[in-house]
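The active site annotation in Swiss-Prot covers Ser225, Asp417, His479. Sequence annotations record features per position, and here Swiss-Prot assigns N-linked glycosylation site to Asn31, Asn95, Asn110, Asn213, Asn244, Asn328, Asn382, Asn468, Asn499. The signal peptide annotation in Swiss-Prot covers 1-23, and the record cites sequence analysis as its basis. Among the features that Swiss-Prot reports, topological domain 'Extracellular' is placed at 24-529. According to Swiss-Prot, the feature transmembrane segment maps to 530-550.
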Amino acid sequence: MNIKIILLSIILIIQLLLLNNNGGIVESKINFSKRKQTDRKPNPSPKTYTKEYYDNKYLKSLKNVKQTPNDFLVTDLPGLDNGILTSFSGLLTTNETSDGNLFFWFFPANETVINPMDAPLLVWLNGGPGCSSMDSVFIETGPLRFIGDSDNSDKFYINPWSWHNSANMLYIDQPFGTGLSFVSDNDGLVTNDLEINQNFYQFIQEFFQIFSNYSTLPFFISGESYAGHYIPHMASYILNMNENLSKDSIKINLQGVAIGNGYTHPTTQINSYREFGYYATGIIGQRQYNNYENLNNLCQEQLSQGNYNSDECANVFNTLLDDSGSSNTSQVNMYDYRLNDPTAGNNWPLPGINQEFVYLNRDDVRSAIHATVTPHQWNECNDTVNGLLTNQDESSLYLFPELLSNIRVLIYNGQFDVICNHVGTTEYLNQIEWDYTQEWSDAPRFTWTSVGTDGSLQSGGYGKTAANLTFVLALGGSHMYPMNMPSTSFDMITRFLKNKSFNDLPQSIGIDAPSTPKPVPLTLGAWIGITVGGCAFGFLVGGLIIYIIMKKSSKNGYYKVIQ
């Protein structure tokens, strides 16, 4: 009994040290600090969008695209045996004027589950702005997971809940300067939505010219956080370019978009913080709640004047975080309010983030993924890219009526996210003026039965559907919902892509526990503890693993942890 207590105490101390490790700092997915102003051309107002807006002057002739898929085939990826996973990656030049290059990593659908030609093509974009979509490859929706917790871990197992089991997954680092994407000179970095849309559209055109077999498949765009701003603009741009298709251009078969914990309508979402903090979570009290009315009014005044980069709006969220702490506890983690963090989540050591940083900056890895020409090291987020986009608090909601008239839209929110919380999302969805406003208001709530990682049935969440719009409140989810709820998030995206009802049982649409077991990363049970929010289960399992390893590995008076 005493041995068990000592072991669990050791695990607890080590877990706390790991959770406060400063390595691999996670930068805010939405940076509410004061952003650097720029004298460069502003983002055009929606009222100034004209035909010229859709005349992509950067669009080069696709006849100049000479590469083939084999030029991008990933072979000998360090840490993964050949033949286990097929992927393609590299850089495409989408703006010849600035030598702007976007990095991508493409994972065709898993042939053991679905024929890639029978699956849709799904783009994934992380937010920031300026944060790399490679996070999703290694931590969220992608197939690669590091084994072990060492920063130098270079062995992978395949994520059994990877979204490439339902779709051909295309991860893009955008805009320029994000992740492994680059421009030759920082003057070529983008400053507005128009440039982002043009470069994204050009990228897809070139990608389909090279990977022509996929060009007619159903096309979807997904992402999280600030991608909730990107995606409506990109989808609207594609719809309009399809209507005015230029010579040699490929019509993109856009069928839908999926936005997770998106920053889409700041006017409402910022205003929701006090309701969420007081009524939905209880992380602030009555006194703080009363103080927010004045803070919100100051922010709304700035937004009404077209100032989408104000201290007043940043102050609303920062005050919420400050008020969530006390003299005895740290403030809550902005991405998961079950956790406390002195930096509110900015230093949250996501499982795999340190390994990702080391791995993507290795020369042999850069060579394998065809990114040796990228002149800078990979970082999760780029503050320069973030600072040049000064319209981050501008709404994208006005685009939704057009989108909902043409494509399907899935909006989902992790239950425990603060920064892009479900209260704000629910409120802005109710503000959309479209042909089915009344049907949306009257739509009954559904209770979604999903599948757990062990194959058992569990509640996935709640939501509602009317016409082309679906909203899901994902139980157990954080800001990075696919990270900590892999099975239910896979169930969710599969239903959306197949256009299946959330009222159906998962087995009825072919979703079951995968047959491939997930190996257990063995370093002190830390990954388990972090993934489930530091609960006692992680400590107990971690302690059991340590005890077994110590029993088997004791030699010459010391213990060694074996992976």
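Yeah, the Cβs are placed from backbone N, Cα and C, and that goes for glycine too.
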Task: Pairwise Cα distance for Asp417 (active site)/His479 (active site) [Å, integer] - done: 5
Task: Neighbouring C-beta atoms (10 Å sphere around the C-beta of Asn499 (N-linked glycosylation site)) - done: 11
- [ ] Measure from the CA atom of Asn95 (N-linked glycosylation site) to the CA atom of Asn244 (N-linked glycosylation site) and give the result in Å, rounded to a whole number.
- [x] 21
TODO: Find the shortest Cα-Cα separation between Asn213 (N-linked glycosylation site) and the recorded positions Ser225, Asn468, Asn499, and name the residue that gives it.
DONE: Asn499
Task: Entry from the glycosylation sites list Asn95, Asn110, Asn382, Asn468 having the most other CB atoms no farther than 10 A - done: Asn382
- [ ] State the count of C-beta atoms found within 10 angstroms of the C-beta of Asn244 (N-linked glycosylation site), not counting that atom itself.
- [x] 10
Open item on the list: Taking DSSP as the reference, which of helix, strand or coil describes Asn382 (N-linked glycosylation site)?
Closed with: coil
Open item on the list: If you count other C-beta atoms within 10 angstroms, which of the recorded positions Asn213, Ser225 is the most crowded?
Closed with: Ser225
- [ ] Quick one: pull the CA-CA distance for Ser225 (active site) versus Asn382 (N-linked glycosylation site), whole Å only.
- [x] 15
- [ ] In three-state terms from DSSP, label Asn95 (N-linked glycosylation site) for me.
- [x] strand
Open item on the list: Using only C-alpha positions, which one of Asn95, Asn110, Asn382, Asn468, Asn499 is spatially nearest His479 (active site)? These are the glycosylation sites in the record.
Closed with: Asn382
TODO: Using Asn382 (N-linked glycosylation site) as the reference point, find which of the glycosylation sites Asn95, Asn468, Asn499 has the shortest Cα-to-Cα distance to it.
DONE: Asn95
TODO: Determine, to the nearest whole angstrom, how far the Cα atom of Asn499 (N-linked glycosylation site) is from the Cα atom of Asn468 (N-linked glycosylation site).
DONE: 10
